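J.: One structure coming up, written as structure tokens, with questions to follow.
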Amino acid sequence: MVRLKIGEAVASSERPLIAAPITASTWQQVLQEADILSHSAIDVVEWRIDYLTRLNELTVDHIRQVRQTVMKPVIFTWRTLAEGGNKQYHADMYERIYLNALAAGVAALDIEIDLLKDQKALLKQVPTNVQIIGSKHYFDRTPHNLVQALNNMLMLPTDIVKLAVMPQSTSDVDYLLVSTKQVANDAAKPLITMAMGEMGMPSRILGYQFGSQLTFATVTGSSAPGQVTVSALLQKWGSNHDVQ
Ligand SMILES: O=C1C[C@@](O)(C(=O)O)C[C@@H](O)[C@@H]1O
């Protein structure tokens, strides 16, 4: 299995990476959350910029300051309204702000796979040390062709494949885990998968045993239904998984 690496953070077979989101809406709150996350037992920070009220004003300096405050690799994510986020997609603004993020030295960009074609110019400018996470979210269902869906995603021009589904039953959660395992074994890229909502919680705790190499957990705020706190996650994993 190809190991997931984001910045200096590397997943292992015994332990996936833990990412916690920044979900603040004002600049002052962003810095407060960033400071709290710098002291927490997580590996990477996902900055969900779509929560910002004044997203349009985000500069390279702002992003650099967040990086320097968290002192951990940063995944930069604009989750669009179409996939459960908070900001309508605007192609020009998206490109401009993601280029700012590259200039500020983020470790990874999350790009929804439905936007890849539209953002070809941006993709050309992503340096090889910055990971592109191609993501897809099904907020209302679990599709019935998950192995095919993951294999299709693996063929896209991204470095990492991320898939989130909403289970309607516990068998949907099992289906996500088993499909992840089936694809992860031979995949040429790392996978990140999760079932959302309360029902999906086991996938966030046990997903690594099926080949999902990163799990989202909360410290300050939650960015999706069903995320557990980092302390609950570490407790479930037991002391073997304590981070150094
Ligand atoms: O894609 C994901 C996964 C996620 O939706 C989750 O279910 O944990 C949370 C988002 O912030 C992140 O960008």
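Keep in mind that glycine also has a Cβ here, set from the backbone N, Cα and C atoms.
In TrEMBL, annotation is done automatically, which means it is predicted and not curated.
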J.: Out of ARG3, ARG15, ARG79, which is the one TrEMBL records at the 3-dehydroquinate site of GLU46, TRP47, ARG48, ARG204, SER223, GLN227?
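T.: Among ARG3, ARG15, ARG79, only ARG79 appears alongside GLU46, TRP47, ARG48, ARG204, SER223, GLN227 as 3-dehydroquinate-binding in TrEMBL.
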J.: Measure the Cβ-based neighbour count of GLU46 (3-dehydroquinate binding site), defined as the other Cβ atoms within 10 Å of its Cβ.
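T.: For GLU46 (3-dehydroquinate binding site), the 10 Å Cβ neighbour count is 25.
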J.: Round to the nearest Å and give the CA-to-CA distance linking SER223 (3-dehydroquinate binding site) with HIS137 (active site, proton donor/acceptor).
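T.: SER223 (3-dehydroquinate binding site) to HIS137 (active site, proton donor/acceptor), Cα-Cα distance: 13 Å.
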J.: May I ask you to report the DSSP-based helix, strand or coil state of GLU46 (3-dehydroquinate binding site)?
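T.: Once the DSSP labels are grouped into three classes, GLU46 (3-dehydroquinate binding site) ends up as strand.
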J.: For ligand 1, pick out the binding-site residues ARG48, ARG204, SER223 that have a CB under 6 angstroms away from one of its atoms.
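T.: Close enough to ligand 1 are ARG48, SER223.
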J.: If you measure from the C-alpha of HIS137 (active site, proton donor/acceptor), which of the recorded positions GLU46, TRP47, ARG48, LYS162, ARG204, GLN227 fall inside 10 Å?
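T.: Cα within 10 Å of HIS137 (active site, proton donor/acceptor): LYS162.
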